[in-house]
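**Student:** Please find one structure pasted underneath; my questions will follow.
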């Protein structure tokens, strides 16, 4: 009976440790994805707006070097 109890407790600890490790991996992946999304959501300038190095033109628009305006 003692051997069965020890085996049961050992199995419980292994399952708990595995669950905790998976939880930390999920948190790390979520944090990585959040940082990636933050970089991808930089502000951009639409057509007719001023474009700078800090606020480039939105996708599909070009920044004219004369006047620094976004255009098609």
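Our numbering is plain: 1 for the first residue shown, then up by one each step along the chain.
Each Cβ is built from the backbone N, Cα and C atoms, and glycine gets one as well.
Just lifted these from Swiss-Prot, have a look:
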type: DISULFID; residues: 44-58; note: disulfide bond
type: DISULFID; residues: 51-63; note: disulfide bond
type: DISULFID; residues: 57-70; note: disulfide bond
type: SIGNAL; residues: 1-17; note: signal peptide
**Student:** Could you state the whole-number distance in Å separating the C-alpha atoms of residue 57 (disulfide bond) and residue 51 (disulfide bond)?
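**Tutor:** Approximately 6 Å lies between the Cα of residue 57 (disulfide bond) and that of residue 51 (disulfide bond).
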**Student:** Determine, to the nearest whole angstrom, how far the Cα atom of residue 51 (disulfide bond) is from the Cα atom of residue 70 (disulfide bond).
**Tutor:** 6
**Student:** List every residue in the same chain as residue 44 (disulfide bond), at least 6 positions away in sequence, whose Cβ is under 8 Å from its Cβ.
**Tutor:** 55, 56, 57, 58, 59
**Student:** Hey, how far is residue 63 (disulfide bond) from residue 70 (disulfide bond), Cα to Cα, in Å?
**Tutor:** 4
**Student:** Taking the Cβ of residue 63 (disulfide bond) as centre, how many other Cβ atoms lie within 10 Å?
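**Tutor:** For residue 63 (disulfide bond), the 10 Å Cβ neighbour count is 18.
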